[in-house]
Each structure stands twice: as C-alpha cells, then as structure tokens.
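Each remark here refers to the structure printed beneath this line.
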C-alpha cells in the first residue's frame, strides 16, 4: 500500500466475480445480498426503469473479451502548428506519435502480465450521459485482466487531484451506477491543473496513492489539461500514465480517430423529444413561434442533429453564419423571411432552433467578444461600468455594444469560465433574436410587406440533456471506452486518448485503441495569450450531415414537416439500438448505425 493512502487493505474494492448465476448487481465476494440489502438507501429510491437499466449489459468489442496487446500503427502529427506544439511537449514528442490499436494476443494483455494496477479516475467539465459507464468499464476491465487492482475516484473534478480528495470505488457501490445518468458517483468540476503549484500537488497526490494511471474523462479543454499533466509527469519521472476519454454532449471533440464524443447521442435525443413536443404544440395552437436555444458552445452539431430529427422551420448553424459573415440584422432578416412566407400561407407558427454559441459567430458580435475578452483578461475596464467598457472599444465594436439591450451587455461581460471562454449558456440569444425579428417584422408591416401575426416563446434546452439515462449506444460506447482506457494504462501508454471506432459495424466488431492527445492540438489565443489546445471539430458545411439538412430546409421552412421522434427507447423496439442520424451520415453513407447486426434499413 502506497504511503498516504487513507484506507487499509481490507477496505479495498473487491474486483472478483460473484457466485455463478447471481444477478450481477447482487454479487459480493462472500455472499449473495437480498434485493433489500443490495439496494439500500440509494437503490430504494430508484424508479422501476432505473432498476431495469442496472441490469442492462453493454455490448463489448470482441478484442476486449480475450487476450490482447497494443500495437502501433500510422504516425500522427498535431492538427496544426506541429513544430511549435512539439516544442511545448518535448517529452510526449521525443519519439514519433502513433495511432494505437488493440489486437488479439496469445497471452497476457500486456508485457507486464496480469499484475494488479492502481488507477485514479476524474470527471472534468460538464456532465454527459454515460460517464458512469466509463468508470464501470475501467473497473470491470481491471477485474478481468488485472485481479486485485484498485480504482480510486477523485471527488469534484480536478480539484480532487490537487487536494488529494478521493474515495475507493467498490464493487457494491458501483452496481447502483451502471447505465445511470449523471456524474454524482464522484461529481465533476471545471478546475484546471496548470499552475506550477497545482502540477506539483497533482504529482504529490499520484505518488502518495501509487497510481499507475490517471484517467481524465472530459472535453477538449480537459483533455488538453491531461496532455499537460502527462508531459509534466514524464519530465518529473512520475510513473503515473495519463489517459483521456472523449466526453462532451456538444459533439465537437472528434477527429479521424475519434468518431464521436460520448453523451452526444443521448443528449441530442433528449432535446429532439422536447423539440418534437413543442412542434406538436405549435401545430396544435397555430399561433406561436417557439425559439429554442440548444447546447453547443463552439459547434452546432446538437442543433444540426436535432434539426435532422425534427424538421424545424429554421435551424441556425453557427458555422454557416461565420462563413457568410452574417450580422445580427442578417439573421433576423432571414428568420423574418420565413415568418412572412408562412404567414402568406396562413401559418403564423413554427419552430426556430438556435445553437447557444451563435453569438460568438455573428460577424459584428464575434469581433466585439474578442475585444471584451482582451479587456477582461487584462483588467482594463470595470465590467460593471458599461459606459467605461464602451469607451474602451474600437468604434465598430462600440456601435454594436451600444445597440444591444442592457441585459445582453451584462451577459457578455459575465466572468469567463476557467478556460477563458464566454459563458454562452448564460446568454439568452433566443430572446435577443425574438426582439430583433419583432423589429424587422414591424418595419415590413409598416411598408406593407407583412400582414401576419407573430407571437414568440423562448426556450433553453440545456441541462435537461446532460444527465439523462444513457442510450444503449452511449452505454456500450462508454463501457468500451472505459475498457480501452484501462488497457492503455496497463500497456504503460501516456498522453493518449482512448478510442473506439468503426462504429458503423456491430459493437462486437468495434475497433479499440488510442490516439496521441498532442495529435489533436493546435494553437489558439486564450485569456490574452497563445496556448496549445485540442482543436474543436466544427460542423463541416461540405460534410454529408449538413448537406442533407441544406437540401431539405427550404421545404421544412415553408411547410409543416414536423417530426416527433419521441422518448429514448431502451428495449422492445428496433429503435433502441440505433445511433444519431449525424453519425450514420458521416460514417455509414447515410444508413443507420446499429449496435447489432440487424435492425433498421432507414430512419
């Protein structure tokens, strides 16, 4: 037992399987629990569906079911600025970067055999459905491949590493989190480990706990931080390997090696159900336009997927707004065009989808935000003194700033998140657009170009999708990612992200491996300085998903093609095992992506 560990050996988690034939969630090392004992205070409050989901067994890729080994494949370079980034990560880049793949082996999974491992796991950033399955995937892999291992969960995100605030994750406790939503097993946080004293504290924690590996479950910023940790540990001769896992409901953490981030599948289906309900209401009442703001700080993947699922009258895609340099007035005018055309057909109702990060892409507002970020980073102006802020801006940005409602100005000046980003979830863009569209329609009415009625209702669907029970796809995908992360630690790989790909194939044939975190990086300006970050994957306007949407959006705008996908299905239907339309369009020529080898032939 490493010095500093606060529990004795007897309290370590039992990773051995239970008696044959015992339901999985009732197994312990020494006896079979009664259902009442097993559920305890946590379980007795679970709904019937939650209890049923405890018994769902995620599908496991075939390569993970037997002996396997890690092989190096194609070389990789940074997404951009490779030479500059390599200088910032000399330890990770001292030899060529390689894509990693797990392949069947003849003996132990790794050269070191089945020796027990000590792995720490941390949840970083916002919640996403499936996080608990990553953790149980790590746990179950260790139970099978490295008996006697220990899994430690750091509480409340990266600060748990800094403060050495942790808990041992036991078999009994984990059984109540399988296939469940949320991050409440150990909770998450948005702290970063980047300052010298923070890095030193993380080093001390990992050495005290004797960790062979640290698994960081997070988005692009969190995994950038994982690369920083891996580089620091190598430079300090710390034996802890650092492995990342791709998590974000925004869907913007993906590359050729990482086809999708976990949580996107579930969240987009939750939002699509809600949008479908609102659409049904709109077509029933026939007197409201519903402006729905959706998650997606940098990319519009959620809005695009929900549009494909539900067929709204308007779906704004931030990347398209940026490409065409549209201003706020341009966007309001385009929405008004649809409202006017529908009014002429006697339809004074509809649905407009708005990505939450839109304001950062609107031509005139994005330039304003850049200037505000610089002011706040340098403490050049008091954010509570609006006239002083306006006076510090360039004339074009000052004109935009002064044209905005006071409440919207305040939202733009809120404290940035720990990564230096505008907290776009606090910016009520849908309300601003409603106000602007009302103004545009009033002008058209005054000139005799509009005679309809316009009443709008704002919505924000955000937190509703972050902690849902994960879909079968996310449950299995996350479980496989957990296995992959543990395997990479066992193979002594560091500074890599766990990957599960070939998702167009049945789950048993998925490819498992890892990709270098440095290979996903570029240089960006953050908090007034240029820093290495993992590049966000934006909506590709030439990609199959956007092209499919663009081909039909005019028809959706003028007619009622409303589609209500309904709630997430878990069993008893062929729809339970199908992934998002976006994934099908991107990797499977438009055909559904299915967990099993049979099912839907179309959506």
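Glycine is no exception: its Cβ is also placed from the backbone N, Cα and C atoms.
As the structure is a computational prediction, the values presented were derived from the model and not from experiment.
As annotated in TrEMBL, region 'Disordered' covers the listed stretch 1-25 rather than the other ranges in 1-25, 26-50. Only 247, 248, of the recorded positions 247, 248, 356, 464, have a C-alpha within 10 angstroms of the C-alpha of residue 220 (Mg(2+) binding site). In sequence order, 270, 271, 274 constitute the residues six or more apart from residue 464 (substrate binding site) in its chain with CB-CB distances below 8 Å. Each of the binding-site residues 126, 296 was scored by the number of other CB atoms within 10 Å of its CB, and the largest score is that of 296.
The Cβ of residue 250 (substrate binding site) lies under 8 Å from the Cβ of 219, 261, 264, 295, 296, 297, 298, 299, 301, 302, each on the same chain and at least six residues away in sequence.
Max Cα-Cα distance over the annotated substrate binders (248, 249, 250, 287, 288, 295, 296, 297, 356, 463, 464, 465, 466) is 36 Å. Considering only the binding-site residues 126, 288, 356, 466, the residue whose Cα is spatially closest to the Cα of residue 247 (site 'Important for catalytic activity') is 126.
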